[in-house]
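Positions annotated as compositional bias 'Polar residues' by TrEMBL: A:61-78. The domain 'TMC' annotation in TrEMBL covers A:541-647. Taken from TrEMBL, the feature region 'Disordered' covers A:1-33, A:56-78, A:177-196, A:779-806. Per TrEMBL, the feature transmembrane segment maps to A:206-225, A:246-272, A:343-364, A:432-456, A:471-495, A:507-530, A:550-572, A:651-674, A:723-741.
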Amino acid sequence: MAQPLAFILDVPETPGDQGSQEPSPYDESEVHDSFHQLIQEQSQWAAQEGLELQQREQEATGSGQQTLRRPEGTQSTATLRILASMPSRTIGRSRGAIISQYYSRTVQLRRRSSRPLLGNFVLSARPSLRLYDLELDPTAREEEEKQSLLVKELQSLAVAQRDHMLRGMPLSLAEKRSLREKSRTPRGKWRGQQGSGGVCSCCGRLRYACVLALHSLGLALLSGLQALTPWRYALKRIGGQFGSSVLSYFLFLKTLLAFNALLQLLLVAFIVGPQVAFPPALPGPAPICTGLELLTGAGCFTHTVMFYGHYSNATLNQPCGSPLDGSQCTPRAGGLPYNMPLAYLYTVGAGFFITCITLVYSMAHSFGESYRVGSTSGIHAITVFCSWDYKVMQKRASRLQQDNIRTRLKELLAEWQLRQSPRSVCGRLRQVAALGLAWLLCLGTALGCAVAIHVFSEFLIQSPEAAGQEAALLVLPLVVGLLNLGAPYLCRVLAALEPHDSPVLEVYVAICRNLILKLAILGTLCYHWLGRRVAVLQGQCWENFVGQELYRFLVMDFVLMLLDTLFGELVWRIISEKKLKRRRKPEFDIARNVLELIYGQTLTWLGVLFSPLLPTVQIIKLLLVFYVKKTSLLANCQAPRRPWLASHMSTVFLTLLCFPAFLGAAIFLCYAVWQVKPSSTCGPFRTLDSMYEAGRVWVRYLEAAGPRVSWLPWVHRYLVENTFFVFLVSALLLAVIYLNIQVVRGQRRVICLLKEQISNEGKDKIFLINKLHSIYERKEREERSRVGTTEETAAPPAVLTDERDD
Amino acid sequence: MGGSGSRLSKELLAEYQANPFKERICRVFSTSPTRDSLSFEDFLDLLSVFSDTATPDIKSHYAFRIFDFDDDGTLNREDLSRLVNCLTGEGEDTRLSASEMKQLIDNILEESDIDRDGTINLSEFQHVISRSPDFASSFKIVL
């Protein structure tokens, strides 16, 4: 933040000093042009009354030669009344001042000029200029005039702008309604004039009735839509009891649901649907469904539309004409041929592309909402003014919020004290050493987990006897899930040992470490699948296996999450209440839970290519997670004590979802599509060298087909084949540019506010100087005249005393 | 929900019983002469200001009026002290100590009082609020 401006009124100590007469507003070079005329008028009027700016006695220096601070109880009531009538103070409480302020804003909007000229106003609307002419109380008559001026300005605006302006005014509903009625009058008159003819008035009334009916229908639809929003009451209850921080977790869950639903809709429409309509021949008798399929995804799920292997590699619904690529001839008249491999490839690609665009847009939007220039400074004021969450409605939750705010304020004060007395070099070195050690240990844990998983998966590959049983397939997901669950607890214990100055930084560091762990684990698994499993499973359907593995991981993640909720929250609460006799319930760890959600979503995106129905599994899982977490939260947990900047965190989570999670899945997809040879026994790409070749084959077929569709191969060759990478880079660049634009917009908003405030300060300063001078001068004049009358009656020595004093 | 003569007294505002600012909210939005009860239109005003679609300008304006305990158009030290007491709880063991309170108010004035007059007026308050993106979502009541 900039240095605070100090307004120092430089008043000389010694009277009778002609050289340094105290500065009058005329001489100040900072007096703005528009005030100059007014100040001249004011001083002329004052001069007519016999008021002149002269040298001051001691009582004037009491108010000067320091900042314009109001020394308590030393100023006269007149000065206090003046200060209370100051423009910057009346805007906060007087309706007339609000109307004036919005009048000037409307004028600015209309004329697009920086400041309206003084000469154009009959009666100026700004409160500092004319209103307080030495009349200290605004009269109702002047308010009426200001209101009529505002109405006139509003009439000249467009309707949408006028409504927008009215909605932004902090006035009561009745006043806004009256302003709107008044500003609408000319159109009503005009409408009345037009409706003077009989037929015309009928049409006009009918049209008006239609418009009104449509308007109310639209409003009814809107309110219906709002009522249909899923979980509205549940979210309100959670927000009311726990505040915005915990609510952000559930809102993030809703966002993920939306992403999955969108992706699944696309896949069902273009891949699953057609394949279900034209089922291929099954390789053998369908195995009997035992209950284990729900966990392993193998067994009777294998040869269904759930996995890649079931999809045919031919053109569906091919008319019995030329059997071009060895497709089955279905004797059905009519219907379009549907090229399955092409559809599979392009639908998955389009799904990822749309998800990418939506993700980047929502991330940038959230960033624009949450980022503010200068939001790190002024933390005390922001905490005191903005930290009370009005959504909280229960008494107990309200008391908890008060506790949290008190703790936060004490922490802020302690941090501030610490910053005033900085730590010694020794202390800082110790802090850095402890931090470095903790980071090293956490990174070592992540690396250790990755190595352990690698070794274990290699062991599973080498031991074929275990691979025979279906239940053995669950071992790897279980091990990975347990590591995923346990390692963050370990990191949290390590974090408790290291010293942290700022609690907010602690949260970010914990998220970072958890994320590195999960990335390490997922990276190892991806190498295991695409590197090792493909090599081992040559001749079999490896894509089915990878799809099933991801299904297993998703299900196991859900099961372990249930167990973690059960033991981490329910059992812990019972233990802490009964055994340890503590009143405090376990906290709801938001960061860890959100990272779990991101992990699950990454698994879904990794598996979409090999299992087109995986988003449905994720949707079911998210629905169950919502209800489980909500129940557990309401019964067992309390809101976290750590400070939580909800909007910042939402942006951080969306960014984490986009960059490591989605980007990693996209890289995995690209590698699988371009570099890996699909298996030759199953799936839509069984005859090709890579999945991407399906597109190339089709383009070649189109080239041979004739000149009518020759533009498509051309597009494919020059835009898609060549410049895909450039597209990616330019898309990233566009995202960065958009982020930048949002940042700059936020900064400009702050600058506008600052300018308006500084202009107010200038007005205040000059106004105050004028008023104080005139008031004190009047007082002195009265006192002099009173002293003069008593002097006349007193003895002459009084006069001598006066002279001797000089 | 309405009381006699269709006015809502502050005891009946069920949603805000737990809110430490409930009396101030009632006073700010009330248009009755005694300023202690809300008519239906006042209640609509209240909901409109606390809704999702109200502009941050309006929210900060009304927040300022709610925090201005003595209704003089500025937040002076007394106002800030009462505000902090509302936030931390009124009990003897929940208040901040006198030195902590003084330090906190000094810090607040240092950060937000730009013209150094010892008080925070509406523009300075709005300037502080604009730096916090969480304000709009926390100054909200969901029906």
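Placed from the backbone N, Cα and C atoms, the Cβ positions cover glycine too.
Curation plays no part in TrEMBL annotations; they are all automatic predictions.
Tertiary proximity for the transmembrane segment (A:432-456) is limited to same-chain residues at least six positions away from its ends with a CB under 8 Å from its CB atoms, namely 476, 479-480, 483, 487, 490-491, 494-495, 497-499, 513, 516-517, 520-521, 523-525, 527-528.
Taking Cβ pairs closer than 8 Å, the transmembrane segment (A:206-225) reaches no residue in its own chain that is 6 or more past its ends. Between the transmembrane segment (A:507-530) and the transmembrane segment (A:723-741) there are fewer than 3 Cβ pairs closer than 8 Å, counting only residues 6 or more apart in sequence, so the two stretches are not in contact.
Below 8 A, the CB atoms of the transmembrane segment (A:651-674) and the transmembrane segment (A:343-364) form 3+ pairs separated by six or more positions in the chain. Using a Cβ-Cβ cut-off under 8 Å and counting only residues 6 or more beyond its ends in the same chain, the transmembrane segment (A:723-741) has close neighbours at 356, 360, 364, 367-368.
A Cβ distance under 8 Å defines the sequence-distant neighbours of the transmembrane segment (A:471-495), meaning residues of its chain 6+ beyond its ends; these are 292, 295-296, 298, 438, 441-442, 445-446, 449, 452-453, 456-457, 460, 506, 509-510, 513-514, 517-518, 521, 525, 548-549, 552-553, 555-557, 559-560, 564, 592, 595, 599. For the transmembrane segment (A:246-272), the list of distant contacts is 230-231, 234-235, 238-239, 305, 311, 343-344, 347-348, 350-351, 354-355, 358-359, 362, 391, 588, 590, 593-594, 597, 601, 604, 608, 612-613, 615-616, 618-619, 622-623, 625-626, 629-630, 633, 639-640, 644, 646, 649-650, 653-654, 657: same-chain residues at least six beyond its ends, Cβ to Cβ under 8 Å. In the domain 'TMC' (A:541-647), the DSSP tally of helix, strand and coil residues is 80 helix, 2 strand, 25 coil.
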